[in-house]
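*Asks:* Quick one: the structure is below, and I'll ask about it shortly.
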């Protein structure tokens, strides 16, 4: 045992030396990949909730305006959607019931942009479209 400290590399073949580094790097890569997936799913969920909130508010605003000025109800829905950083995709008024759909574009890291879409219906209690 000349040249090696006492107990060094006992029972470990020379070809396994340094393999823990490879396993550590692999584990870190998997953890980072999982973290990126969680972040991207979180961003998509936040955008979807923002879109739904914008759709709900636009539908409520349009339904309210159908009582005062039905011709201006969809214009009011557009103003409310834009104020909530959304784009109005569609607006339909039928018997004091407003149906709107909005979309929100958002950035997804490493993947580019995506669009979250939501729709909502609002009107007086008991009314049907």
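Every residue gets a Cβ built from N, Cα and C, even glycine.
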*Asks:* From the ranges 20-43, 44-67, pick the one that TrEMBL records as transmembrane segment.
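*Replies:* Range annotated as transmembrane segment by TrEMBL: 20-43.
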*Asks:* How do the residues of the domain 'Putative Flp pilus-assembly TadG-like N-terminal' (18-64) split into helix, strand and coil according to DSSP?
*Replies:* 46 helix, 0 strand, 1 coil
